[in-house]
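Asker: The structure is given below, and queries will be raised subsequently.
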Amino acid sequence: MVRGTKRRRNSTEKPKAVVTLHREDTALVDDQVTVGDSQCTGAKPYARLVGIRRGVATIDIFDDVFVCGRGSDETPVNYNFSALTHDVGLYRFISKVQFAINRATDTRRIYLNDHSRNGTLVNQEMIGKGQTRELMNGDLISIGIPALIIFVFETTDDSQYPEELTKKYHVTSHSLGKGGFGKVLLGYKRSDRSVVAIKVLNTQFSTRCSRAIAKIRDIKNEVEVMKKLDHPNIVGIYDWITVSKYSYMVIEYVGGGEFFSKVVDSKYNRMGLGESLGKYFAYQLIDAVMYLHSVGICHRDIKPENILCSDKSERCILKLTDFGMAKTTTAAKMKTRCGTPSYNAPEIVANEGIEYTPKVDIWSLGCVLFITFAGYPPFSEEYTDMTMEKQVMTGRLLFHSQWRHITHETQKMIKWMLTVEPSKRPTAVELMSTEWMKCADCRTAKQDILKNSAKAVKTTVGGQQTTVAAATVISTTVTAAATITTGGGGEKGVAAEKKRNQ
Ligand SMILES: Nc1ncnc2c1ncn2[C@@H]1O[C@H](COP(=O)(O)OP(=O)(O)OP(=O)(O)O)[C@@H](O)[C@H]1O
(Lines of atoms letter the chains of each structure in order from A and count residues from 1; the text may use other names and numbers.)
(Lines give C-alpha, C1' and ligand atoms only; values in the text may rest on other atoms or scores of the structure.)
Protein backbone atom coordinates (compact mmCIF):
# COMPACT_ATOMS: atom_id res chain seq x y z
CA MET A 1 0.00 0.00 0.00
CA VAL A 2 1.25 3.49 -0.76
CA ARG A 3 2.32 5.43 2.24
CA GLY A 4 1.64 9.11 1.99
CA THR A 5 2.03 12.31 3.87
CA LYS A 6 -0.75 14.42 5.23
CA ARG A 7 -1.44 17.63 3.45
CA ARG A 8 -1.33 20.08 6.30
CA ARG A 9 -3.28 23.24 6.08
CA ASN A 10 -1.31 26.30 6.81
CA SER A 11 -2.94 28.16 9.67
CA THR A 12 -3.13 31.30 7.56
CA GLU A 13 -4.63 29.43 4.59
CA LYS A 14 -8.26 30.42 4.15
CA PRO A 15 -10.78 27.82 3.08
CA LYS A 16 -11.33 27.97 -0.65
CA ALA A 17 -14.86 28.55 -1.87
CA VAL A 18 -16.21 26.11 -4.37
CA VAL A 19 -19.32 27.32 -6.06
CA THR A 20 -21.73 24.91 -7.73
CA LEU A 21 -23.98 26.38 -10.27
CA HIS A 22 -26.97 24.78 -11.99
CA ARG A 23 -26.92 26.66 -15.23
CA GLU A 24 -30.67 26.25 -15.94
CA ASP A 25 -31.53 29.05 -13.62
CA THR A 26 -28.76 31.57 -13.69
CA ALA A 27 -29.13 34.74 -15.48
CA LEU A 28 -27.75 37.32 -13.36
CA VAL A 29 -28.72 40.71 -12.40
CA ASP A 30 -30.19 43.66 -13.96
CA ASP A 31 -27.48 46.21 -14.00
CA GLN A 32 -29.56 48.82 -12.28
CA VAL A 33 -27.82 50.23 -9.28
CA THR A 34 -29.78 51.66 -6.42
CA VAL A 35 -27.99 54.17 -4.35
CA GLY A 36 -28.29 55.80 -0.99
CA ASP A 37 -28.84 59.50 -0.39
CA SER A 38 -25.19 60.08 0.08
CA GLN A 39 -24.70 59.80 -3.65
CA CYS A 40 -25.88 63.38 -3.98
CA THR A 41 -23.03 64.50 -1.81
CA GLY A 42 -20.54 62.82 -4.14
CA ALA A 43 -19.49 60.35 -1.44
CA LYS A 44 -18.14 56.96 -2.48
CA PRO A 45 -20.00 53.81 -1.45
CA TYR A 46 -18.05 51.74 1.06
CA ALA A 47 -19.52 48.46 -0.10
CA ARG A 48 -21.73 46.92 -2.72
CA LEU A 49 -24.24 44.08 -2.86
CA VAL A 50 -23.88 42.58 -6.33
CA GLY A 51 -27.21 41.01 -7.24
CA ILE A 52 -26.76 37.59 -8.81
CA ARG A 53 -30.41 36.76 -9.27
CA ARG A 54 -32.55 38.06 -12.07
CA GLY A 55 -34.39 41.16 -10.90
CA VAL A 56 -32.14 41.80 -7.95
CA ALA A 57 -30.24 45.02 -8.38
CA THR A 58 -26.65 45.74 -7.61
CA ILE A 59 -26.74 48.07 -4.66
CA ASP A 60 -24.16 50.61 -3.67
CA ILE A 61 -24.08 51.07 0.09
CA PHE A 62 -23.34 54.45 1.64
CA ASP A 63 -25.27 54.29 4.91
CA ASP A 64 -23.70 52.83 8.03
CA VAL A 65 -26.90 50.84 8.57
CA PHE A 66 -28.46 49.43 5.43
CA VAL A 67 -31.57 47.28 5.82
CA CYS A 68 -32.81 44.73 3.26
CA GLY A 69 -36.17 42.96 3.36
CA ARG A 70 -39.70 43.05 1.96
CA GLY A 71 -40.38 46.08 4.12
CA SER A 72 -43.77 47.56 5.07
CA ASP A 73 -45.14 50.92 6.20
CA GLU A 74 -44.16 50.09 9.76
CA THR A 75 -40.81 48.63 8.85
CA PRO A 76 -39.17 50.68 6.12
CA VAL A 77 -36.10 49.19 4.49
CA ASN A 78 -33.35 50.52 2.24
CA TYR A 79 -33.81 47.74 -0.30
CA ASN A 80 -37.19 46.02 -0.55
CA PHE A 81 -36.82 43.15 -3.06
CA SER A 82 -39.97 44.35 -4.83
CA ALA A 83 -38.45 43.16 -8.12
CA LEU A 84 -38.82 39.62 -6.84
CA THR A 85 -42.56 39.54 -6.16
CA HIS A 86 -43.02 37.44 -9.35
CA ASP A 87 -40.57 34.89 -7.99
CA VAL A 88 -42.99 33.38 -5.51
CA GLY A 89 -40.69 30.50 -4.55
CA LEU A 90 -38.04 32.92 -3.44
CA TYR A 91 -40.16 35.83 -2.26
CA ARG A 92 -41.86 33.70 0.40
CA PHE A 93 -38.49 33.20 2.08
CA ILE A 94 -37.90 36.92 2.47
CA SER A 95 -38.88 38.54 5.76
CA LYS A 96 -40.05 42.11 6.19
CA VAL A 97 -36.66 42.79 7.62
CA GLN A 98 -34.33 40.12 6.29
CA PHE A 99 -30.92 41.43 7.25
CA ALA A 100 -29.02 44.61 7.84
CA ILE A 101 -25.54 45.60 6.79
CA ASN A 102 -23.80 47.56 9.55
CA ARG A 103 -20.55 49.41 9.40
CA ALA A 104 -18.90 50.02 12.75
CA THR A 105 -18.18 53.70 13.07
CA ASP A 106 -14.95 53.12 14.97
CA THR A 107 -13.32 50.10 13.31
CA ARG A 108 -15.05 50.50 9.91
CA ARG A 109 -15.55 46.74 9.89
CA ILE A 110 -18.71 45.58 8.18
CA TYR A 111 -21.22 43.12 9.62
CA LEU A 112 -24.39 41.36 8.59
CA ASN A 113 -27.12 41.20 11.23
CA ASP A 114 -29.67 38.50 10.52
CA HIS A 115 -33.21 39.59 11.39
CA SER A 116 -35.23 36.88 9.73
CA ARG A 117 -36.96 33.74 10.91
CA ASN A 118 -36.05 31.83 7.72
CA GLY A 119 -32.52 32.99 8.17
CA THR A 120 -29.79 34.56 6.11
CA LEU A 121 -26.72 32.61 5.07
CA VAL A 122 -23.19 33.81 4.44
CA ASN A 123 -21.15 31.45 2.28
CA GLN A 124 -23.96 28.95 2.80
CA GLU A 125 -23.64 29.00 6.57
CA MET A 126 -26.77 29.97 8.42
CA ILE A 127 -26.33 33.09 10.54
CA GLY A 128 -29.67 32.87 12.37
CA LYS A 129 -32.08 35.43 13.70
CA GLY A 130 -30.42 37.86 16.07
CA GLN A 131 -26.92 36.71 15.12
CA THR A 132 -24.15 38.72 13.49
CA ARG A 133 -21.34 37.83 11.08
CA GLU A 134 -18.53 39.99 9.84
CA LEU A 135 -18.60 40.29 6.07
CA MET A 136 -15.58 39.87 3.85
CA ASN A 137 -15.01 40.80 0.29
CA GLY A 138 -16.54 38.17 -1.98
CA ASP A 139 -18.88 36.59 0.58
CA LEU A 140 -22.05 35.05 -0.84
CA ILE A 141 -25.35 35.99 0.80
CA SER A 142 -28.31 33.61 0.46
CA ILE A 143 -31.78 33.76 1.86
CA GLY A 144 -33.53 30.87 3.64
CA ILE A 145 -31.60 28.03 2.03
CA PRO A 146 -28.04 27.76 0.74
CA ALA A 147 -29.05 27.52 -2.91
CA LEU A 148 -30.87 30.85 -2.93
CA ILE A 149 -27.88 33.07 -3.39
CA ILE A 150 -28.94 36.64 -3.86
CA PHE A 151 -25.84 38.77 -3.49
CA VAL A 152 -22.09 38.75 -3.62
CA PHE A 153 -20.86 41.21 -1.00
CA GLU A 154 -18.06 43.44 -2.13
CA THR A 155 -16.10 46.20 -0.61
CA THR A 156 -15.73 48.76 -3.34
CA ASP A 157 -12.55 49.12 -5.23
CA ASP A 158 -13.49 49.27 -8.87
CA SER A 159 -10.25 50.70 -9.96
CA GLN A 160 -8.42 47.39 -9.86
CA TYR A 161 -9.69 46.08 -13.21
CA PRO A 162 -9.20 47.73 -16.58
CA GLU A 163 -12.11 49.21 -18.48
CA GLU A 164 -11.45 46.87 -21.41
CA LEU A 165 -12.56 44.07 -19.09
CA THR A 166 -15.23 45.77 -16.99
CA LYS A 167 -17.18 47.21 -19.92
CA LYS A 168 -17.96 43.62 -21.00
CA TYR A 169 -17.81 41.71 -17.74
CA HIS A 170 -18.59 42.32 -14.13
CA VAL A 171 -15.80 40.87 -12.01
CA THR A 172 -16.90 39.89 -8.53
CA SER A 173 -14.38 39.40 -5.78
CA HIS A 174 -15.62 35.88 -5.12
CA SER A 175 -12.61 33.64 -5.56
CA LEU A 176 -13.14 30.30 -7.29
CA GLY A 177 -9.60 29.18 -6.75
CA LYS A 178 -5.95 30.01 -7.03
CA GLY A 179 -3.38 28.81 -9.52
CA GLY A 180 0.34 29.25 -9.82
CA PHE A 181 -0.18 32.42 -11.85
CA GLY A 182 -2.82 34.23 -9.80
CA LYS A 183 -6.50 33.77 -9.15
CA VAL A 184 -9.77 32.67 -10.71
CA LEU A 185 -12.75 34.89 -9.95
CA LEU A 186 -16.49 34.56 -10.41
CA GLY A 187 -17.85 37.06 -12.89
CA TYR A 188 -20.67 37.57 -15.35
CA LYS A 189 -21.20 38.90 -18.81
CA ARG A 190 -22.93 42.23 -18.89
CA SER A 191 -24.63 41.39 -22.19
CA ASP A 192 -26.62 38.34 -21.12
CA ARG A 193 -25.85 38.03 -17.40
CA SER A 194 -24.36 34.58 -17.80
CA VAL A 195 -21.84 33.47 -15.23
CA VAL A 196 -18.19 33.14 -16.20
CA ALA A 197 -14.88 32.31 -14.56
CA ILE A 198 -12.19 34.94 -14.98
CA LYS A 199 -8.58 33.84 -14.71
CA VAL A 200 -6.42 36.75 -13.72
CA LEU A 201 -2.91 36.01 -14.94
CA ASN A 202 0.13 37.99 -14.03
CA THR A 203 2.14 37.91 -17.23
CA GLN A 204 5.39 38.79 -15.55
CA PHE A 205 5.35 36.49 -12.62
CA SER A 206 4.50 32.87 -11.97
CA THR A 207 5.10 30.99 -8.76
CA ARG A 208 4.94 27.66 -10.50
CA CYS A 209 8.02 26.79 -12.53
CA SER A 210 6.40 23.73 -14.06
CA ARG A 211 3.93 25.92 -15.82
CA ALA A 212 5.11 27.80 -18.85
CA ILE A 213 2.69 30.60 -18.40
CA ALA A 214 4.77 33.45 -17.14
CA LYS A 215 5.13 35.00 -20.54
CA ILE A 216 2.48 36.62 -22.66
CA ARG A 217 3.54 34.38 -25.57
CA ASP A 218 2.61 31.27 -23.58
CA ILE A 219 -0.74 32.61 -22.50
CA LYS A 220 -1.41 33.46 -26.12
CA ASN A 221 -0.68 29.86 -27.05
CA GLU A 222 -3.12 28.62 -24.40
CA VAL A 223 -5.80 30.99 -25.63
CA GLU A 224 -5.20 30.12 -29.30
CA VAL A 225 -5.55 26.43 -28.49
CA MET A 226 -8.72 26.92 -26.44
CA LYS A 227 -10.31 29.06 -29.16
CA LYS A 228 -10.00 26.16 -31.60
CA LEU A 229 -11.89 23.80 -29.31
CA ASP A 230 -15.58 23.13 -29.11
CA HIS A 231 -16.49 20.06 -27.09
CA PRO A 232 -18.84 19.46 -24.15
CA ASN A 233 -16.04 17.86 -22.12
CA ILE A 234 -13.62 20.74 -22.63
CA VAL A 235 -13.82 24.11 -20.89
CA GLY A 236 -14.80 26.81 -23.38
CA ILE A 237 -13.23 30.24 -23.67
CA TYR A 238 -15.15 33.48 -24.21
CA ASP A 239 -12.54 36.15 -24.24
CA TRP A 240 -8.97 37.14 -23.59
CA ILE A 241 -8.02 40.64 -22.57
CA THR A 242 -4.50 41.81 -21.80
CA VAL A 243 -3.82 45.17 -20.25
CA SER A 244 -0.43 46.13 -18.93
CA LYS A 245 1.08 43.20 -17.01
CA TYR A 246 -2.22 41.37 -16.48
CA SER A 247 -4.08 39.02 -18.76
CA TYR A 248 -7.70 38.10 -18.15
CA MET A 249 -8.99 34.83 -19.57
CA VAL A 250 -12.75 34.73 -19.49
CA ILE A 251 -13.77 31.08 -19.54
CA GLU A 252 -16.74 28.82 -19.05
CA TYR A 253 -17.74 28.54 -15.42
CA VAL A 254 -17.54 24.95 -14.18
CA GLY A 255 -18.85 24.85 -10.65
CA GLY A 256 -18.17 21.40 -9.19
CA GLY A 257 -14.49 21.74 -8.36
CA GLU A 258 -11.57 19.61 -9.45
CA PHE A 259 -12.01 15.94 -10.34
CA PHE A 260 -9.10 15.46 -7.98
CA SER A 261 -11.34 16.32 -5.00
CA LYS A 262 -13.83 13.76 -6.20
CA VAL A 263 -11.36 10.90 -6.42
CA VAL A 264 -10.03 11.59 -2.93
CA ASP A 265 -13.49 12.17 -1.43
CA SER A 266 -13.71 10.15 1.80
CA LYS A 267 -17.10 8.76 0.75
CA TYR A 268 -15.25 6.49 -1.67
CA ASN A 269 -13.14 5.29 1.21
CA ARG A 270 -9.95 5.65 -0.82
CA MET A 271 -10.97 2.63 -2.84
CA GLY A 272 -11.72 4.36 -6.13
CA LEU A 273 -15.06 5.21 -7.66
CA GLY A 274 -15.85 1.65 -8.73
CA GLU A 275 -16.53 0.04 -12.11
CA SER A 276 -19.81 1.74 -12.99
CA LEU A 277 -18.97 5.33 -12.10
CA GLY A 278 -15.42 4.86 -13.32
CA LYS A 279 -16.60 3.89 -16.79
CA TYR A 280 -19.09 6.74 -16.81
CA PHE A 281 -16.16 9.15 -16.40
CA ALA A 282 -13.79 7.13 -18.60
CA TYR A 283 -16.15 7.57 -21.53
CA GLN A 284 -16.21 11.35 -21.13
CA LEU A 285 -12.45 11.68 -20.84
CA ILE A 286 -11.69 9.38 -23.76
CA ASP A 287 -14.23 11.32 -25.84
CA ALA A 288 -12.53 14.62 -24.93
CA VAL A 289 -9.06 13.30 -25.78
CA MET A 290 -10.32 11.71 -29.01
CA TYR A 291 -11.70 15.09 -30.02
CA LEU A 292 -8.52 16.94 -29.04
CA HIS A 293 -6.32 14.62 -31.08
CA SER A 294 -8.71 14.77 -34.03
CA VAL A 295 -8.16 18.53 -34.24
CA GLY A 296 -4.40 18.15 -33.88
CA ILE A 297 -3.98 19.23 -30.27
CA CYS A 298 -2.02 17.37 -27.63
CA HIS A 299 -2.84 18.46 -24.05
CA ARG A 300 0.40 17.25 -22.43
CA ASP A 301 -0.75 17.79 -18.84
CA ILE A 302 -3.76 15.57 -18.24
CA LYS A 303 -4.26 14.91 -14.52
CA PRO A 304 -7.20 14.99 -12.08
CA GLU A 305 -6.36 18.59 -11.09
CA ASN A 306 -6.88 19.71 -14.69
CA ILE A 307 -10.31 18.19 -14.97
CA LEU A 308 -13.26 20.10 -13.56
CA CYS A 309 -16.67 18.75 -12.51
CA SER A 310 -19.81 20.47 -13.78
CA ASP A 311 -21.44 20.27 -10.35
CA LYS A 312 -21.33 18.35 -7.09
CA SER A 313 -23.58 15.51 -8.22
CA GLU A 314 -22.08 12.03 -8.35
CA ARG A 315 -22.57 11.65 -12.10
CA CYS A 316 -21.45 15.05 -13.21
CA ILE A 317 -20.03 16.13 -16.55
CA LEU A 318 -16.25 16.37 -16.64
CA LYS A 319 -14.42 19.15 -18.43
CA LEU A 320 -10.78 19.13 -19.36
CA THR A 321 -9.04 22.42 -18.68
CA ASP A 322 -5.64 24.11 -18.38
CA PHE A 323 -4.18 24.14 -21.87
CA GLY A 324 -1.00 25.94 -20.80
CA MET A 325 1.14 23.02 -22.00
CA ALA A 326 -0.92 22.11 -25.04
CA LYS A 327 0.65 21.91 -28.44
CA THR A 328 -0.65 21.89 -31.99
CA THR A 329 0.82 18.62 -33.20
CA THR A 330 0.67 19.49 -36.89
CA ALA A 331 2.65 22.69 -36.48
CA ALA A 332 5.72 21.51 -34.65
CA LYS A 333 7.49 18.44 -33.35
CA MET A 334 7.01 17.64 -29.69
CA LYS A 335 10.25 17.09 -27.86
CA THR A 336 10.05 19.29 -24.79
CA ARG A 337 10.06 17.58 -21.43
CA CYS A 338 6.97 19.02 -19.76
CA GLY A 339 3.87 17.97 -17.88
CA THR A 340 3.53 16.59 -14.37
CA PRO A 341 6.11 13.97 -13.31
CA SER A 342 3.85 11.21 -12.02
CA TYR A 343 1.57 11.45 -15.09
CA ASN A 344 4.34 11.70 -17.68
CA ALA A 345 4.70 8.96 -20.29
CA PRO A 346 7.95 6.95 -20.44
CA GLU A 347 8.98 8.63 -23.70
CA ILE A 348 8.87 12.02 -21.90
CA VAL A 349 10.55 10.67 -18.76
CA ALA A 350 13.35 9.16 -20.88
CA ASN A 351 14.26 12.74 -21.80
CA GLU A 352 16.29 11.74 -24.81
CA GLY A 353 15.18 14.67 -26.91
CA ILE A 354 13.36 12.26 -29.22
CA GLU A 355 10.12 13.34 -30.79
CA TYR A 356 7.00 12.03 -29.07
CA THR A 357 3.37 11.83 -30.15
CA PRO A 358 -0.12 12.54 -28.73
CA LYS A 359 0.08 9.04 -27.25
CA VAL A 360 1.59 10.80 -24.22
CA ASP A 361 -1.96 11.97 -23.45
CA ILE A 362 -3.19 8.36 -23.53
CA TRP A 363 -0.59 7.44 -20.91
CA SER A 364 -1.63 10.34 -18.65
CA LEU A 365 -5.26 9.42 -19.15
CA GLY A 366 -4.37 5.85 -18.18
CA CYS A 367 -2.92 7.22 -14.92
CA VAL A 368 -6.07 9.27 -14.29
CA LEU A 369 -8.31 6.25 -14.93
CA PHE A 370 -6.13 4.02 -12.76
CA ILE A 371 -6.68 6.48 -9.91
CA THR A 372 -10.39 6.76 -10.75
CA PHE A 373 -10.92 3.02 -10.48
CA ALA A 374 -8.55 2.31 -7.62
CA GLY A 375 -8.16 5.49 -5.56
CA TYR A 376 -4.34 5.41 -5.50
CA PRO A 377 -1.72 6.51 -8.04
CA PRO A 378 -0.05 4.04 -10.39
CA PHE A 379 3.33 5.75 -10.15
CA SER A 380 4.59 7.54 -7.12
CA GLU A 381 7.71 8.45 -5.21
CA GLU A 382 5.95 6.93 -2.22
CA TYR A 383 6.76 3.48 -3.59
CA THR A 384 10.15 3.11 -2.07
CA ASP A 385 11.19 -0.13 -3.78
CA MET A 386 12.19 1.68 -6.97
CA THR A 387 12.47 5.21 -8.25
CA MET A 388 9.43 6.72 -9.88
CA GLU A 389 11.39 7.02 -13.10
CA LYS A 390 12.01 3.27 -13.08
CA GLN A 391 8.36 2.50 -12.27
CA VAL A 392 7.32 4.53 -15.30
CA MET A 393 10.06 3.27 -17.62
CA THR A 394 9.22 -0.35 -16.80
CA GLY A 395 5.48 0.23 -16.57
CA ARG A 396 5.38 -1.44 -13.17
CA LEU A 397 1.85 -1.45 -11.77
CA LEU A 398 0.71 -2.56 -8.31
CA PHE A 399 -2.81 -3.95 -8.09
CA HIS A 400 -4.17 -3.78 -4.58
CA SER A 401 -7.33 -5.36 -3.17
CA GLN A 402 -9.73 -2.77 -4.60
CA TRP A 403 -9.06 -4.12 -8.09
CA ARG A 404 -10.94 -7.28 -7.06
CA HIS A 405 -14.11 -5.26 -7.62
CA ILE A 406 -13.04 -4.11 -11.06
CA THR A 407 -13.58 -6.34 -14.09
CA HIS A 408 -10.65 -7.93 -15.91
CA GLU A 409 -11.77 -6.13 -19.05
CA THR A 410 -11.33 -2.74 -17.36
CA GLN A 411 -7.98 -3.77 -15.92
CA LYS A 412 -6.89 -4.85 -19.38
CA MET A 413 -7.84 -1.45 -20.83
CA ILE A 414 -5.93 0.46 -18.15
CA LYS A 415 -2.87 -1.72 -18.71
CA TRP A 416 -3.19 -1.14 -22.46
CA MET A 417 -3.19 2.63 -21.92
CA LEU A 418 -0.16 2.25 -19.68
CA THR A 419 1.88 0.37 -22.26
CA VAL A 420 5.47 1.58 -22.16
CA GLU A 421 6.05 1.26 -25.92
CA PRO A 422 4.05 4.15 -27.50
CA SER A 423 3.37 2.31 -30.75
CA LYS A 424 1.62 -0.48 -28.81
CA ARG A 425 -0.41 1.97 -26.75
CA PRO A 426 -3.92 2.56 -28.13
CA THR A 427 -5.14 5.76 -29.72
CA ALA A 428 -8.26 7.40 -28.30
CA VAL A 429 -10.17 6.24 -31.38
CA GLU A 430 -9.11 2.65 -30.72
CA LEU A 431 -10.20 2.93 -27.10
CA MET A 432 -13.52 4.39 -28.08
CA SER A 433 -14.15 1.56 -30.56
CA THR A 434 -13.72 -1.22 -27.97
CA GLU A 435 -16.59 -3.29 -26.62
CA TRP A 436 -15.53 -1.91 -23.25
CA MET A 437 -16.79 1.54 -24.27
CA LYS A 438 -20.19 0.20 -25.32
CA CYS A 439 -21.42 -0.38 -21.79
CA ALA A 440 -24.65 0.99 -20.31
CA ASP A 441 -22.73 3.49 -18.16
CA CYS A 442 -20.95 4.80 -21.24
CA ARG A 443 -24.28 5.19 -23.04
CA THR A 444 -25.65 7.09 -20.03
CA ALA A 445 -22.58 9.31 -20.08
CA LYS A 446 -23.16 10.01 -23.76
CA GLN A 447 -26.79 10.96 -23.13
CA ASP A 448 -25.85 13.16 -20.19
CA ILE A 449 -23.22 14.95 -22.26
CA LEU A 450 -25.79 15.54 -24.99
CA LYS A 451 -28.34 16.84 -22.49
CA ASN A 452 -25.71 19.14 -21.05
CA SER A 453 -24.70 20.50 -24.43
CA ALA A 454 -28.32 20.99 -25.44
CA LYS A 455 -28.35 23.64 -22.75
CA ALA A 456 -25.39 25.28 -24.39
CA VAL A 457 -25.46 28.55 -26.21
CA LYS A 458 -23.19 29.69 -28.97
CA THR A 459 -20.94 32.58 -28.09
CA THR A 460 -18.52 34.32 -30.36
CA VAL A 461 -14.90 34.41 -29.30
CA GLY A 462 -12.49 36.30 -31.48
CA GLY A 463 -14.61 35.67 -34.54
CA GLN A 464 -14.87 31.95 -33.77
CA GLN A 465 -17.85 30.06 -32.53
CA THR A 466 -17.27 28.47 -29.18
CA THR A 467 -19.80 26.38 -27.38
CA VAL A 468 -20.25 27.26 -23.78
CA ALA A 469 -22.86 26.07 -21.37
CA ALA A 470 -25.74 28.45 -20.92
CA ALA A 471 -25.05 30.04 -17.63
CA THR A 472 -28.09 30.09 -15.50
CA VAL A 473 -27.05 30.29 -11.88
CA ILE A 474 -28.38 29.49 -8.53
CA SER A 475 -27.63 26.54 -6.48
CA THR A 476 -24.15 27.20 -5.38
CA THR A 477 -22.24 25.15 -2.90
CA VAL A 478 -19.47 26.61 -0.85
CA THR A 479 -17.26 24.10 0.87
CA ALA A 480 -14.01 24.33 2.70
CA ALA A 481 -11.16 23.14 0.57
CA ALA A 482 -9.52 21.11 3.29
CA THR A 483 -10.52 17.74 1.94
CA ILE A 484 -7.16 16.05 2.13
CA THR A 485 -6.14 16.34 5.71
CA THR A 486 -6.58 12.77 6.90
CA GLY A 487 -6.58 9.20 5.77
CA GLY A 488 -3.98 6.95 4.32
CA GLY A 489 -3.25 4.77 1.37
CA GLY A 490 -4.54 5.98 -1.94
CA GLU A 491 -5.90 9.31 -0.79
CA LYS A 492 -2.67 10.24 0.85
CA GLY A 493 -0.69 8.88 -2.03
CA VAL A 494 -2.62 10.93 -4.58
CA ALA A 495 -2.70 13.99 -2.33
CA ALA A 496 1.00 13.76 -1.66
CA GLU A 497 1.62 13.38 -5.36
CA LYS A 498 -0.44 16.47 -6.10
CA LYS A 499 1.54 18.45 -3.57
CA ARG A 500 4.84 17.27 -4.99
CA ASN A 501 3.77 18.06 -8.50
CA GLN A 502 2.95 21.66 -7.67
N1 LIG B 1 -13.58 27.40 -15.40
C2 LIG B 1 -13.59 27.36 -14.08
N3 LIG B 1 -14.75 27.39 -13.40
C4 LIG B 1 -14.76 27.35 -12.04
N5 LIG B 1 -13.66 27.27 -11.29
C6 LIG B 1 -12.48 27.23 -11.91
C7 LIG B 1 -12.37 27.29 -13.33
N8 LIG B 1 -11.07 27.22 -13.67
C9 LIG B 1 -10.39 27.13 -12.52
N10 LIG B 1 -11.23 27.15 -11.46
C11 LIG B 1 -10.85 27.06 -10.05
O12 LIG B 1 -9.63 27.73 -9.86
C13 LIG B 1 -8.62 26.82 -9.39
C14 LIG B 1 -7.28 27.15 -10.02
O15 LIG B 1 -7.42 27.13 -11.42
P16 LIG B 1 -6.31 26.85 -12.50
O17 LIG B 1 -6.62 25.60 -13.22
O18 LIG B 1 -6.28 27.98 -13.38
O19 LIG B 1 -4.98 26.81 -11.71
P20 LIG B 1 -3.99 25.63 -11.46
O21 LIG B 1 -4.16 24.58 -12.52
O22 LIG B 1 -4.10 25.16 -10.07
O23 LIG B 1 -2.64 26.39 -11.64
P24 LIG B 1 -1.76 26.45 -12.90
O25 LIG B 1 -2.64 26.98 -14.00
O26 LIG B 1 -0.69 27.37 -12.51
O27 LIG B 1 -1.33 25.04 -13.15
C28 LIG B 1 -9.16 25.43 -9.75
O29 LIG B 1 -8.70 24.47 -8.87
C30 LIG B 1 -10.65 25.61 -9.65
O31 LIG B 1 -11.06 25.46 -8.29
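Yeah, the Cβs are placed from backbone N, Cα and C, and that goes for glycine too.
It should be emphasised that the depicted structure is a prediction, and the values quoted were computed from it without experimental measurement.
If you look up TrEMBL, you'll see 66-127 marked as domain 'FHA'. Per TrEMBL, domain 'Protein kinase' is recorded for 170-437. What TrEMBL lists as ATP binding site is LYS199.
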Asker: Just to be sure I understand the packing, how many Cβ atoms besides its own are within 10 Å of the Cβ of LYS199 (ATP binding site)?
Answerer: 24
Asker: Per-residue pLDDT averaged over the domain 'Protein kinase' (170-437) comes to what?
Answerer: 89
Asker: Tell me whether LYS199 (ATP binding site) sits in a helix, a strand or coil according to DSSP.
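Answerer: Its secondary structure by DSSP: strand.
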Asker: What are the DSSP helix/strand/coil residue counts across the domain 'FHA' (66-127)?
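Answerer: The composition, in the requested order, is 7 helix, 19 strand, 36 coil.
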